[in-house]
């Protein structure tokens, strides 16, 4: 039995190095297989396609499960690209339903075949007949389930907990958030509930995420809380690779809640289903199912429930983001149209024909004033209703004053003053017909509605990058099945019902619905929407394809490896959405200013009223046109309306939203908005060498045998077996080189990886080391031949790998790796913009110096022979000296440094999962220019933010004194009329949004466009 474990540091001595810790994964690598998993040589015919259609009898097993101590999975050796590929096409027929389930000790899935590549494809199509399908799920230890060592991606059901018990996470689509004040109101309302925590709301995405205690609160109860705060909300149904939500219903007259709930629970109490949560959703249920995706999937679950007479659908969210955005714009447009229709005659009566309708319809009530009242009231009370609600909710629920408060206070002063003055004049003969300002409130409300409508349009454009990513998902897939005659057929299904190991057919011009591996055919695939690479990529057998990419030519059969909800496209979409919802550190400053701004403006408006009232009463200003109180009111209203905290509050998030979209368009995923601030301040850029500055495609160019294996196996057998257990590019190259020269496979008893050093194995009682020369030959005196070999390799800048056995040197390898073609241009660009570039690598110093010379990097800034801990120490020293560091790497051993750096950049599609998890920026391609583009984009993002802040402060600094009448003593007309003050929000916010949207025109620096 071979044991594989991983350690983080070098062994202290040989005794310690051979000891494993923790619970190692045991893998049986015996070559024997049960008959059901073995293909015969006759199945492989060159240049032909043979499909053995194996149908399962209606009530019989397809094969006998293999013994637990046998290995049925793919070969442990690296796949040969020149051998035959034998995939399994397993699917449930189009009209299949659950009849008699198979016996628990039998399998109903496809047999396992060894996979390899050739021009020939032999496909064993194993499927259930049309009238018989499996409604129970296979065990994980039989031939129907996954191989014993196969990793289940993302198979972790995580539930947030606090001291009171299990908490759940939920996401709601929330409409009605128009500014950051709305965000704060909603957050305050939700956080006030003792059973809700971790609330994060975002007005751009119209979403609110939170954790809640299901023992106290339901999602329906949360929706009621949100609606009570003045917003509309719908629950967002999330799906992952191991979790899905189903809408399960019956006809209303057949629905029995208690009985049906029991049926649903018992039906899903089967192998592969981890947890089931049944929630009422009349006339049926919402069923949230967590499952093992290597055993079952959404289609199997739906079939099992349909067999019980239920109507089953995947729960879908209420439309996509673009549709919801259009709904919001439609609502705003309707209010704007109503307001404009009513305000046009108001403008005519107030300004163009001011003396029209002067005749009185009753004492002290002219036809003009009556018409103004009737036209203005719907604008104030109907069109302005959302603004009134926003002001009320902000004041009562979150106890803060916002922009809505200013609008309500100012327009209400003008409207209710005019209304009350008119009523008083009519009801008493002591007062004459007053001067009214109905037109002021009407025009103000119309202009503010216009501004918010334009804001809605602009915000929709700001998040269109996210909408475009979501639009890349194909809604349907062509599932390969067996028809009633046993022939290969195609069934079009919702892509949400795809499961791992399904075979799907991709026709020309179709989008690929899920991540997978090509098992038949060749085609050119457009991946530009995913990676930013404009040149189509050729795909053939064993090549991976990504969901969202487009098949330009040719027809492909693809085995699904990651379903829709766990695809790279879904990961990219999620990262972009999280980044757009994140709050940059500078946002905290903007929020503080905006929080104090409104109370300050209200106090300033009241002060303005008092000052002008006193001046009027003392006769120091002209009161012939307006009485002192009315004159003071016009200045106060203008101050309240023209001031705008929204411009300050939106200065940061609008740019962050657009910036993350621009990054995604260029194949750069920024995980958090704060990364832009850090990247813009970076002073040092540190690169790993192998696989980062170089292509990571090593080839053995020289080798030296130093000893014999002393057994039935050659040195090549030992080296190939040991090196194949590492993912490091050097190990893979050695494994490939030795594998071609190996005479027979070798059984490894134990294998332990030491990041930064190499692989320690045990075979036939011998301790084998493959890795760095200083580690593999530790305590060994080198021969003159070995010394000469190493000297020559170091002079040529080549990397070296050593193999030893029981403290005996066996072999030395010299490997060469070329620079990435764009590396020189990237380093040159970074140095040109004032950044210091360094290289830190685990490779020997001579190889690092060789690369540094080629790239023009100072030799003092090129450090080799570094362990992962050494890299971390070097980086920490730079940070301690006050430098802001960006680090770019691609391997698991780079993860600690990626996490420590202010800006950690994980390079390329082949980057390890650990590196991606710890990095703050992920590059979707192996194009090193992404590092330079990230820094350049970050600088432009921060420049836009500074411009937005400058405009927001400059605007308020100029218009508030102007509205308050500070310049009237110098020039009588140097003021802002109250009716036009409503343009303030439009004039202040739209430039902020425009500056942000201009970032969408971002272009890669010219010094980088000539390299690829």
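Count begins at 1; order follows the chain as displayed.
Placement of Cβ uses the backbone N, Cα and C atoms for every residue, glycine included.
For reference, TrEMBL has these:
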COMPBIAS  1-10  compositional bias 'Basic and acidic residues'
COMPBIAS  12-22  compositional bias 'Polar residues'
DOMAIN    168-234  domain 'HMA'
REGION    1-48  region 'Disordered'
REGION    60-82  region 'Disordered'
TRANSMEM  335-358  transmembrane segment
TRANSMEM  370-391  transmembrane segment
TRANSMEM  403-424  transmembrane segment
TRANSMEM  436-454  transmembrane segment
TRANSMEM  593-615  transmembrane segment
TRANSMEM  635-658  transmembrane segment
TRANSMEM  949-970  transmembrane segment
TRANSMEM  976-999  transmembrane segment
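Stretch with the most C-beta contacts under 8 angstroms to the transmembrane segment (635-658), considering only 335-358, 370-391, 436-454, 949-970: 949-970.
Beyond the transmembrane segment (403-424), the same-chain residues lying 6 or more positions past its ends with a Cβ under 8 Å from any Cβ of the stretch are 179, 181, 365, 369, 372-373, 376, 380, 384, 387-388, 390-391, 394-395, 431, 433-434, 436-438, 440-441, 444-445, 448, 598, 601-602, 605, 633, 636-637, 640-641, 643-646, 978, 981, 985.
Outside the transmembrane segment (593-615) by six or more residues, the chain places 180-181, 400-403, 405-406, 409-410, 621, 628-629, 631-633, 635-637, 639-640, 643, 645-646, 648-649, 956, 960, 964-965 with a CB less than 8 A from a CB of the stretch. As a summary of secondary structure, the domain 'HMA' (168-234) carries 22 helix, 24 strand, 21 coil according to DSSP. Remote same-chain partners of the transmembrane segment (976-999), defined as residues 6 or more beyond its termini with a Cβ less than 8 Å from a stretch Cβ, comprise 350, 403, 407, 410, 414, 437, 439-440, 443-448, 450-452, 454-455, 458-459, 461-462, 634, 637-638, 641-644, 646-647, 650-651, 654-655, 657-659, 662, 940-941, 944, 947-948, 951-952, 955-956, 959, 962-963. The list of residues near the transmembrane segment (370-391) in space but at least 6 beyond its ends in sequence, with Cβ under 8 angstroms from a Cβ of it, reads 176, 178, 181-182, 185, 230, 335, 338-339, 342-343, 345-346, 349-350, 357, 361, 402, 404-405, 407-409, 411-412, 415, 418-419, 422, 436, 438-439, 441-442, 445-446, 448-449.
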